[in-house]
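**Q** Here it is: the structure, laid out below.
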Amino acid sequence: MTSGDRPGPRNFIEEIVEEDIRTGKYGGRVHTRFPPEPNGYLHIGHAKAICISYGIADKYNGLYNLRFDDTNPTREEQQYIDAIKEDIRWLGFDWEDREYYASDYYEQLYEWGLQLIRKGKAYVDDLTAEQIREHRGTLTTPGKESPFRNRSVEENLGLFERMRKGDFPDGSRVLRAKIDMAAANMNMRDPVMYRILHATHPRTGDKWCIYPTYDWAHGQSDSIEGITHSLCSLEFENHRPLYDWFLEELEVHHPQQIEFARLNLNYTITSTRKLRTLVEEEFVSGWDDPRMPTLSAMRRRGYTPEAIRRFCDNVGVAKADNVIDIAKLEHYLREDLNKTAPRVMAVLRPLKLVIDNYPEDKIEELDAVNNPEDPSMGMRKVPFSRLLYIEQDDFREEPPPKYYRLAPGREVRLRYAYFVKCVDVVKDKDGKVIEVHCTYDPETRGGDAPDGRKVKATLHWVSSAQAIRAEVRLYDRLFTRSDPNEVEGEGKDFRANLNANSLETLTDCRLEPSLSSVKASDRYQFERLGYFCVDPDSRVDKLIFNRTVSLRDTWAKIEEAQEKGKG
RNA sequence: UGGGGGAUCGUUCAAUGGUAGGACGGUUGACUCUGGAUCAACUAAUCGGGGUUCGACUCCCUGUCCCCCAGCCA
C-alpha cells in the first residue's frame with residue numbers, strides 16, 4: 001500500500017507518525033513494539049495497546065516486535081511468557097522472528113552502565129533503600145545528595161564490578177544515575193539503575209545477581225531494537241525526560257516515546273496486581289476464569305479475536321482518562337457472533353410440554369436454518385415429538401402485560417415446528433407448574449398457518465427423548481459497582497465489590513441432539529438466549545457450555561421497567 | 001503549595017479559525033418463524049469567566065476540576 005491510498009490519520013499518534021514519515025525523521029521507517037512484563041496474564045487493556053502498536057506498524061508498512069521486559073526475576077515466570085505469546089497469537093498478531101527479551105541485553109546494559117560511570121554520570125550508592133527514600137525529598141522539597149555521590153570513577157568501577165561478581169548481599173548497594181537531586185521531576189533525582197538481587201531469572205538463570213531497573217532497561221532496549229515510535233501509557237510521561245537523558249548520554253539511536261491513555265472498562269479491573277489477587281485468593285478459579293478480563297479468560301468464555309480487535313479499533317486513542325462502557329465490548333462481540341455462530345436450540349431451565357393430540361410414538365425430523373445471517377451455513381434436522389421441553393421463562397400462568405409467550409389458552413409457535421395452544425397445566429404439591437399441556441395444529445407444520453393467522457411469540461424447544469443433557473455456566477459481571485475501586489468504609493478495597501452472583505451453574509439443561517459431538521471452544525447461538533461456547537473441561541459424557549454473552553433482550557427491559565414501576 | 005498531563009452528548013472518539021459529527025447506550029417506530037438480527041427516526045455536549053476575530057471546541061488571559069509522580073515495581 002502506498003501512502004496515497006492510505007486512509008488519513010485516525011488519532012494523534014498516527015498524526016505524529018505521518019509527520020515523521022513526511023520529514024524523514026527515521027528515514028521514513030516505522031518500527032513499534034509491545035513490551036509486556038511476564039508477571040501475569042494479558043488483559044483487555046493490553047489488547048488495546050497491542051492493537052495500537054501493531055496497527056501503526058501495519059498501517060505504515062513497518063515492523064513490530066514483541067519484547068518481554070523481564071527485568072525483575074522475583075516476579076516473572078516462564079508460564080507468563082508462554083501465556084502472553086499464546087494470547088497475542090490468538091489475537092491475530094504475528095511478530096515473526098522478532099521475539100526479544102530485555103534480558104538479552106543485560107551484557108550491553110552493563111557495558112553502558114560502565115560507560116556512564118566513566119563519564120562521571122553514574123555512581124554506586126551504599127545507602128539503604130530507606131535512606132535513599134529519605135534523601136529523595138518530597139514533591140515540594142528538593143532531595144539531598146548521597147554521601148557516596150562523589151566517589152571516584154575508579155572506586156565506582158571497582159564497586160560496580162564487584163556488585164556483578166556477587167560480592168555484596170541483596171539491597172546493600174545500587175548503581176544510580178548522577179543527575180539532579182533537586183529536580184522537580186522526581187524521576188531525575190538520581191534514579192536507581194541496578195539493584196542487587198540474588199534471584200534466579202526465568203531466562204538467564206543465576207548468571208546475574210544485579211538486575212537493571214525498568215527505567216534503565218526500557219529506553220535502551222527500544223534503542224537497540226531500532227524502534228522508532230515507543231508507544232506506552234500515560235504514567236510513563238514523567239519518565240520520558242529520564243529516557244531521553246540516558247539515550248543522549250549514551251549517544252545511541254533515540255526512539256520517540258508517545259504516551260496514550262490506557263483502556264478502562266466499567267465493572268472491570270485491569271490491574272495485573274489486582275487480578276493476581278483474585279486468582280491467589282481464589283475469588284476466581286484461575287487467570288482464565290471466564291469472568292476475568294484476561295484474554296485467556298475471554299477466549300475460554302467464547303470471545304472472538306475479531307470482536308476484541310474491532311472493539312479496540314473503535315474505542316479511540318487519546319490522552320484523556322477514560323472508562324469505556326462494557327456494553328460497547330459486548331456490542332462488537334454480538335456483532336461478530338451474530339454473523340458466525342450457528343444457531344441451535346437449547347433449553348436451560350426445562351419445563352415439560354406435552355402435546356396431547358400428537359401421536360405417542362411419532363417422531364418427525366423438521367428442517368431448521370443454521371444461520372439466517374449466512375445461508376451458506378445450510379440446514380439441519382431437528383427431531384420433534386409429543387413430549388418436549390420449553391424454557392420455564394416461556395410460560396406464565398398469569399401473564400403480565402406485554403408478555404407474548406405461552407399462557408393458558410394462548411397459542412404460540414414452536415420454532416420450525418407447529419403452533420401449539422395451552423389447554424392445561426399440571427402442578428406439584430406446592431402449586432408450581434411442572435407440566436404444560438397443549439394441542440397442536442397439524443396444518444401449521446413448519447411454522448406457518450395456511451389460514452394466515454398469526455401468533456405473537458415463537459418459542460425454542462427440545463424433544464425430550466432425543467435431548468442431550470449439559471451443564472451451562474451463566475456469567476454476570478464480576479463486580480457490582482461500575483467502578484470496582486470505589487468503596488465505602490474503612491479498610492475496604494475492590495474485593496468488597498465482588499458480585500456474589502457472578503456465576504450461576506445450571507446442571508439440568510437440554511440440548512438438541514445435533515450438539516452431541518461438539519468440541520472445546522465451539523461457539524453457538526442458543527436461539528433466543530445468547531451465545532455459548534464449549535468449555536475446555538467439557539467431556540462427551542458431560543458437556544459444559546459457557547455463556548459468552550446473552551442476546552439483547554427487549555422483554556427483560558420491559559419486565560425490569562414493570563418491576564420498577566411496582567416498586 | 002513542586003513537576004508532568006487532561007477536560008466536547010450518559011459513555012467514547014472526531015471536528016486543527018468557517019454548519020459541533022460518528023460509535024455505543026437510551027427512546028420511538030417499521031420489519032421479522034429468535035421480544036435476535038436489520039432498517040428508520042429521535043435523544044443529547046464544547047468545564048467557568050473574560051478577551052482577540054466578520055466568525056472560536058480551536059487562539060490569548062484567568063479560574064475550577066480530574067489523573068500521574070516521593071519502588072532497589074513495571
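Any Cβ shown, glycine's included, is placed from N, Cα and C.
Unlike curated entries, TrEMBL annotations are predicted automatically.
Bear in mind that the values here come from a model prediction, so they are computed numbers and not experimental data.
Grabbed the feature section from TrEMBL, which reads as follows:
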DOMAIN    A:30-338  domain 'Glutamyl/glutaminyl-tRNA synthetase class Ib catalytic'
MOTIF     A:36-46  motif ''HIGH' region'
BINDING   A:Glu37, A:Pro38, A:Asn39, A:His43, A:Ile44, A:Gly45, A:His46, A:Ala47, A:Lys48, A:Ala49, A:Arg262, A:Leu263  ATP binding site
BINDING   A:Asp69, A:Tyr214  L-glutamine binding site
DOMAIN    A:341-441  domain 'Glutamyl/glutaminyl-tRNA synthetase class Ib anti-codon binding'
DOMAIN    A:458-535  domain 'tRNA synthetases class I (E and Q) anti-codon binding'
**Q** So how many other Cβ atoms are close to A:Lys48 (ATP binding site), meaning within 10 Å of its Cβ?
**A** 26
**Q** Rounded to the nearest Å, what's the C-alpha distance separating A:Glu37 (ATP binding site) and A:Asp69 (L-glutamine binding site)? Just drop the number here, would you?
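**A** Distance between the two Cα atoms comes out at 5 Å.
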**Q** Sort out for me which one of A:His46, A:Arg262 has the most neighbouring CB atoms within 10 A, since those are the binding-site residues we care about.
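**A** Sorting the candidates by Cβ neighbours within 10 Å, the top entry is A:His46.
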**Q** Please find which two of A:Glu37, A:Pro38, A:Asn39, A:His43, A:Ile44, A:Gly45, A:His46, A:Ala47, A:Lys48, A:Ala49, A:Arg262, A:Leu263 have the most distant C-alpha atoms, given that the record lists them as binding ATP, and give only that distance in angstrom, rounded to a whole number.
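**A** The span, Cα to Cα at its widest, is 19 Å.
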**Q** For A:Ile44 (ATP binding site), which residues in the same chain are close in space, meaning a Cβ under 8 Å from its Cβ, but six or more apart along the sequence?
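**A** Correct list: A:Leu263, A:Leu265, A:Thr268, A:Thr270, A:Pro293, A:Thr294, A:Leu295, A:Met298, A:Ile308, A:Leu329.
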**Q** Who are the long-range neighbours of the motif ''HIGH' region' (A:36-46) in its own chain, taking Cβ under 8 Å and residues 6 or more past its ends?
**A** 68-72, 75-78, 80-81, 83-84, 87-88, 202, 214, 262-265, 268, 270, 272-273, 275-276, 287-288, 292-296, 298, 308, 329
**Q** If you measure A:Asp69 (L-glutamine binding site) to A:Asn39 (ATP binding site) at Cα, how many Å is it?
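**A** A Cα-Cα distance of 10 Å.
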**Q** Sort out the sequence-distant neighbours of A:Asn39 (ATP binding site) for me: same chain, 6+ apart, CB within less than 8 Å of its CB, listed by position.
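**A** A:Asn39 (ATP binding site) has long-range Cβ partners A:Asn72, A:Arg75, A:Glu76, A:Glu77, A:Tyr80, A:Thr272.
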